[in-house]
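K.L.:
So that we are looking at the same thing, I have put the structure below in structure tokens.
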Amino acid sequence: MALRFPRFSQGLAQDPTTRRIWFGIATAHDFESHDDITEERLYQNIFASHFGQLAIIFLWTSGNLFHVAWQGNFESWVQDPLHVRPIAHAIWDPHFGQPAVEAFTRGGALGPVNIAYSGVYQWWYTIGLRTNEDLYTGALFLLFLSAISLIAGWLHLQPKWKPSVSWFKNAESRLNHHLSGLFGVSSLAWTGHLVHVAIPGSRGEYVRWNNFLDVLPYPQGLGPLFTGQWNLYAQNPDSSSHLFGTSQGAGTAILTLLGGFHPQTQSLWLTDIAHHHLAIAFIFLVAGHMYRTNFGIGHSMKDLLEAHTPPGGRLGRGHKGLYDTINNSIHFQLGLALASLGVITSLVAQHMYSLPAYAFIAQDFTTQAALYTHHQYIAGFIMTGAFAHGAIFFIRDYNPEQNEDNVLARMLDHKEAIKSHLSWVSLFLGFHTLGLYVHNDVMLAFGTPEKQILIEPIFAQWIQSAHGKTSYGFDVLLSSTSGPAFNAGRSIWLPGWLNAVNENSNSLFLTIGPGDFLVHHAIALGLHTTTLILVKGALDARGSKLMPDKKDFGYSFPCDGPGRGGTCDISAWDAFYLAVFWMLNTIGWVTFYWHWKHITLWQGNVSQFNESSTYLMGWLRDYLWLNSSQLINGYNPFGTNSLSVWAWMFLFGHLVWATGFMFLISWRGYWQELIETLAWAHERTPLANLIRWRDKPVALSIVQARLVGLAHFSVGYIFTYAAFLIASTSGKFG
């Protein structure tokens, strides 16, 4: 018999129904469940797949550079970044006839093109790239790295080059290499690039390999470093009249602490950024020498954790047993990594707009909106994944004897308290926030807007004031002009910070009021409810009051029959599934808030947000409805405009989203009927009947239908909002 998919499971391969295909896809990456898997092969497979992942990333970024160099307008954009629209790539076959061809021919292009809203132009410009040749060189280099990654992945699957399990479990060596090698050396290298290429580039000096050794990034070279006069590197920074990319108003400093933004580009000073990366490099190079490996000096992770017993004994045996638990569980490690990466990705979203690092990106409003939304959605998916793998850890890897009375066991012991507190917070936030919104809605409906309940966020305003925002009149810490911190700040550290905080031309510490207070609590409700569902799913993964033997059923199971009184919807997978809806909902509120506030800020009518965001009808009418009008009008009986592709995507996104409900409302048999109908039609059609469908169609399982429904819901939801966001922003600001 020919080998059928999936090869990794003989049991599934012999299944005569469509279950074989579905379950094969579902378990393709669950290496632990494959036939003949050993711990050694498991680690080696994952290790090799990392190289494949890197190869894909390098190929993708190489493609970005290549297509912009080939079909973009980088060189003309560099001449006038504020008025030339950056081109991502050409459109081969614009639909909808000649009007579409004309609508999409822009940015100085000869034919129809897509505009880039990813910020790559600003990024490449900031780091010193200036010509198409530079872009091609970068694309080729990344292509080379991609090939190297593929070879490395293949090599590490060969018997002679396969690392052993002990190598994978050597935590200290891995920490040292990742801290020093990955973060330390790469940050140092990046500082080098900024100092030798990007900063001279911002001052009109074109540095490449041919003149790399001739152009000193600082007039005195390494002199100040060796003579201990490090402060010289910060003297004579670029002036406030500096024109980016030219020598006009340029200084000579390379490592500064100016704070604030470059007046022309509205981005952080490149010399501040270089200084930051040098500091990061130093910290991580030191950190990467802290752990004990060959020489018997430094920390042992296990000793650190074992020694960490809490004072007063109120946390039991503290961290005892944790080292082996974490080191032997890939799911625990993945959960920790995803939790960290998720938080970092969300922080990237918050900082990319408030402290823009790339020249002129702050004035490209559509790009700012797209990048914020993109990073928040990515963060949401990564964070929910952290809890999913936390739950799988509890089911597959947790050993109660090994963790007796330590902090992990105690989390399980008092899970009822954790869940009830989260539940109480969610209910409190939900009812109070909705109550305020609805009260305000009713007051506006009855024509008495003055009876709204409007709460000033005084604590948040106080925190902003403490950091130097003076408009609230709090007179505290950095907003107190007579205080020592304020006076020191004028000269010693970050003199540009206070100017930036109090300027209205950036997104740093935006002025907040009652509308912000309400939406902040709506978002807090979403975050706490999502967390409640995820935490409950993980803490109850091994068993709950209703189903104490849950861990024997695995991570995702549908039900265990009527005998127990209702065990459907209680697998750890179900918690993840429900949490993703809440996650998407919450990020919806986050992005609506960010986008609306910024649209009014950029248009100079902040009062619209302030007045309309205090009641739900305001959000529906003045944000969603008002901003979707251009979108719905993307193509009409009179022809096509450049928003037509977004209008089409807006409709298509709704279609995909709505398709999700077909699977979510337990219409699982539809799959069976659909395939059987198609198979029947093929079997009775000449030529088509040469291809036989061998697998007997069976209805989707509950879990499968939910997964298919969730996938459509998520993709449709994001497609719809992406189209709305880009069209409504670019329609206003170009």
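The chain as shown is numbered from 1 upward.
In case you wondered, yes, glycine gets a Cβ from its N, Cα and C as well.
Per Swiss-Prot, the feature [4Fe-4S] cluster binding site maps to Cys559, Cys568; the stated evidence is sequence analysis. Taken from Swiss-Prot, the feature chlorophyll a B1 binding site covers His654, and the record attributes it to sequence analysis. The phylloquinone binding site annotation in Swiss-Prot covers Trp671, and the record cites sequence analysis as its basis. As annotated by Swiss-Prot, transmembrane segment applies to 46-69, 135-158, 175-199, 273-291, 330-353, 369-395, 417-439, 517-535, 575-596, 643-665, 707-727, with the evidence given as sequence analysis.
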K.L.:
Any idea what the Cα distance is from Trp671 (phylloquinone binding site) over to Cys559 ([4Fe-4S] cluster binding site), rounded to a whole Å?
P.N.:
21
K.L.:
With pairs closer than 6 in sequence left out, are the transmembrane segment (369-395) and the transmembrane segment (707-727) joined by 3 or more CB pairs under 8 Å?
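P.N.:
Taking Cβ pairs at least 6 residues apart, the transmembrane segment (369-395) and the transmembrane segment (707-727) are in contact, with 3 or more under 8 Å.
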K.L.:
Going through 46-69, 135-158, 417-439, 575-596 one by one, which has the most CB pairs that fall under 8 Å from the transmembrane segment (369-395)?
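P.N.:
Of the candidates 46-69, 135-158, 417-439, 575-596, 575-596 scores highest.
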K.L.:
Through the lens of DSSP with three states only, how would you label Cys568 ([4Fe-4S] cluster binding site)?
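P.N.:
For Cys568 ([4Fe-4S] cluster binding site) - judged by DSSP and reduced to three states - the answer is coil.
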K.L.:
Calculate the distance in Å between the alpha carbons (Cα) of Cys559 ([4Fe-4S] cluster binding site) and the residue listed as 'chlorophyll a B1 binding site', and round it to a whole number.
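P.N.:
The Cα atom of Cys559 ([4Fe-4S] cluster binding site) is 32 Å away from the Cα atom of the residue listed as 'chlorophyll a B1 binding site'.
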K.L.:
Between the Cα atoms of His654 (chlorophyll a B1 binding site) and Cys568 ([4Fe-4S] cluster binding site), find the distance and write it as a whole number of Å.
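P.N.:
Rounded to the nearest whole number, the Cα-Cα distance is 30 Å.
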K.L.:
List the same-chain residues at least 6 positions away in sequence whose Cβ sits under 8 Å from the Cβ of Cys568 ([4Fe-4S] cluster binding site), in sequence order, or say none.
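P.N.:
Residues satisfying the criterion: Pro558, Cys559, Ile702.
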K.L.:
What does DSSP assign Cys559 ([4Fe-4S] cluster binding site), in three states?
P.N.:
coil
K.L.:
Could you tell me what the rest of the chain brings near the transmembrane segment (575-596), counting residues at least six beyond its ends with Cβ under 8 Å?
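P.N.:
Result: 353, 369, 372-373, 376-377, 380-381, 383-384, 387-388, 391, 516, 519, 522-523, 526-527, 529-530, 533-534, 536-538, 540, 609, 613, 619, 623-624, 706-707, 710, 713-714, 717-718, 721, 725, 728-729.
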